[in-house]
C-alpha cells in the first residue's frame, strides 16, 4: 500500500513565522484577552490542525485497511477511491498554511534560503524513508544500492510543491491592499499564471508527446531465479493515458532511469494484470507485457499538477488572510469548491479520466474541490460553532503530523518492535498480533 506520507514542518507551513504567529496567540490567551475582540483572521484557526489531523487519520486507515477493503484502497488506474484523496488533501493544506507562513516577510532573500533548505531536507528525508533503504516490515536488513534507489516519492513531491508555492508567495504577489475579491485576484494574478503555465505544459506533454516502444528487464529478485528476462512494451502512440504507453512514465524513464522508479505500480492490480483484481497477483496467462514494469506515481510530469493543487490551497489561505467575516470566507470557499468539482467531473465525462497515478487535470480539480468542501465543513464546525472538544484527537494528530508520519506511516515503530524477538525473528510481538504477516 503506497499512501505514506507527510511532514509536520511542511504541512504546518514549514516556516518559523507560522510558529511565532501561533505562539503569539497562545500568549494572548494566557493573558485572558477575549478572542471575541479580535476579527477571525487574528485567531488561531483550529480547523487547519483538524483538517491536517483528519488527513493523517485517513492515511493510516487506508494503509491498514486498504488491503482488506479494496473499495477504500487506491484505484488500480482510472477512477477515484477514498485513498486517492489523501495526497491532494496534504498538498492542499500545505498551500493553505503557506499563506500564514509568509504573510509578513522582513527579508525575502533570507526566507528564500530557508525555504530552499527546508525543501532540500525534505527531499533527503524522502530518499531515506522511501528510496528503498528500509527493506520492509518483515525484513530486519537495511541498505540500498544507489544504482537502484528510488528518486521520487511522496515526501519529494511535497517538497517540490512546497518550494514552488513558497517562492510564488514570496516573490510573485502584488503590494496593493485587498478590498474585494477582484482586488485579491489582481494581487495574486502571477500565482494563477504559474498554475496556468504548469497546467499547459502538463497537458501539452501528456497528449502531445509520442511514446515509442520500450523495454525493461525483470531481475532475479522479481522472478525468484538467477536469470534475467527482457520484456518489450509496444506503444508507438501519442496522447495515450493507459498504464503502459503514457508520456508520464516515458519522461520518468528518460530523465530518472527505469531502475530508479517505483517497482510495485498500482496498475498491477488491474484486471489485465491480476486474476484477483483489485488485489495483486497472480498474472493472467494473457497479461500485457507492461504489467511488471516499474512506474512512479509521484513522477516528474505528474508533480506539475500536484504543485497546482498546492497553489489552489494557497489561494484558499489568502481568503482567510484578507477576509474577516466567517460568511465571506465560507461563501468564497464553497463557490470555488463547487466550480472545481463540477469542472473536474465534466472533464471526466468528456474523456479526461480521474487518474491519480497520472495526476490528471480532472483529478486535480475534483480533489481540490473536495478539499475545499472539507475545509469549509471543518471550519464551520470548529471555528464558527466552536465544537472543538470533539476534535481534540484530530487536532493533536495535526499538530504532531511529522512524528506520526515518520514513526507510524513509515513503519519505524513497527520495525523497532520487530527488532526485539525471542530466539528467532519470527517470534516477535508483531507476528503474534498479526501485523506484517
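Using N, Cα and C of the backbone, Cβ positions are placed for all residues, glycine too.
What TrEMBL records for 44-171 is domain 'Heparan-alpha-glucosaminide N-acetyltransferase catalytic'.
TrEMBL lists 45-62 (among others) with the feature transmembrane segment.
As annotated by TrEMBL, transmembrane segment applies to 82-102 (among others).
Among the features that TrEMBL reports, transmembrane segment is placed at 122-142 (among others).
Annotation comment: TrEMBL describes 154-172 (among others) as transmembrane segment.
For 192-210 (among others), the entry in TrEMBL reads transmembrane segment.
The transmembrane segment feature in TrEMBL is assigned to 300-321 (among others).
Look at TrEMBL and you will find 333-354 (among others) tagged as transmembrane segment.
Taken from TrEMBL, the feature transmembrane segment covers 360-382 (among others).
Positions annotated as transmembrane segment by TrEMBL: 402-422 (among others).
The DSSP breakdown of the domain 'Heparan-alpha-glucosaminide N-acetyltransferase catalytic' (44-171), given as helix, strand and coil counts, is 81 helix, 3 strand, 44 coil. Long-range Cβ contacts of the transmembrane segment (45-62) within its own chain (Cβ-Cβ under 8 Å, at least 6 residues beyond either end) map to 1, 3-6, 11-12, 72-74, 82-83, 85-86, 89-90, 93, 96-97, 320, 374-375, 378-379, 381-383, 388, 391, 393-399, 401, 404-405, 408-409. Taking Cβ pairs closer than 8 Å, the transmembrane segment (300-321) reaches residues 40-41, 45, 87-88, 91-100, 103, 152, 157, 160-162, 164-165, 168-169, 184, 188, 191, 194-195, 198-199, 201-202, 205-206, 247-248, 251-252, 255-256, 328-329, 332-333, 336, 340, 357-361, 363-364, 367-368, 371-372, 375 in its own chain, all 6 or more past its ends. Confidence in the domain 'Heparan-alpha-glucosaminide N-acetyltransferase catalytic' (44-171), given as mean pLDDT, stands at 89.
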